[in-house]
Amino acid sequence: MSADKKEHIILTAIDLFATKGFEGTSIREIAAAANVNLAMINYYFGSKEKLFESIIEYKASHSRVALEELVQDTSLSPIQKIDATIDGYIDRLFGHRNFHRLIQQELITHTRTTLQTHIVNNIIYPNSRAISHIIEEGIQKGDFKEVDPRLTTITLVGTINQILLSTRYCSKMLSNSDDPDYNPYEDESVKNRVRNHLKLLLHEHLLKK
C-alpha cells in the first residue's frame, strides 16, 4: 500500500469514527468511503482496533515532533514557548476537530481500555509532559511563579477540550448564536478570541510581576 493510500484510509476512518463512533462504524463502511478493497484494509491494518491505533500514531507523530522541537528551541523564552504551544494547539484542534472529538469519545466510554491506554501513552501524556517541561524551565529560570506545572497543563488542555466538545454551548457562549447551521470552529474571530484569552490566562498565572 502506498503511503498516500494509507493516509487516505486513515483520514476517511477519522471522519467516520468521529461521526458514527467506534462501535457504529464498520471496516466495510470505511472501505466503501475510502473507495478501497475491504481485504486491503484487513491486510494492512488487521482489525478496526489496529486501524484506530494507526490513526493515533499518525496524529501523535505530528504533534509530538512539533512540541519536542519547541521544548529544545533555545532561541525562545519560556513564555514565548507557551504562546507558541497555545498557537499550535488552537490551530491543530480547531483544524482537526473530528479527530479530537473521536479521542475524547474513546476516553469517556471506558469500554476499550487497551485503546484508552494507547491514547494516553502516545498522545495525551507526551504532549502534556512537553508543556510541563516548558513551565518547569520557566520556573527554574526565575521567569515563572512556583506553580504546579502538571495542574497548569491540565487546566490549559481542559479549557480547550471544553470549548471544542460542545458546538451548541460554544456557539451560545462565544457568539450568542442559536443557529444550528452556525459552526463556531470555522469562525476565525472565535478562534482568535480563544487563542488570546488562553495566552492572557497563562501570562497572568505564570509570569512574575
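Even glycines carry a Cβ here, placed using N, Cα and C.
The DNA-binding region annotation in TrEMBL covers 26-45. Among the features that TrEMBL reports, domain 'HTH tetR-type' is placed at 3-63.
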(message) Just to confirm my parser: what is the rounded mean pLDDT across the DNA-binding region (26-45)?
(response) 90
(message) Per DSSP, what is the helix/strand/coil residue tally across the domain 'HTH tetR-type' (3-63)?
(response) 50 helix, 0 strand, 11 coil
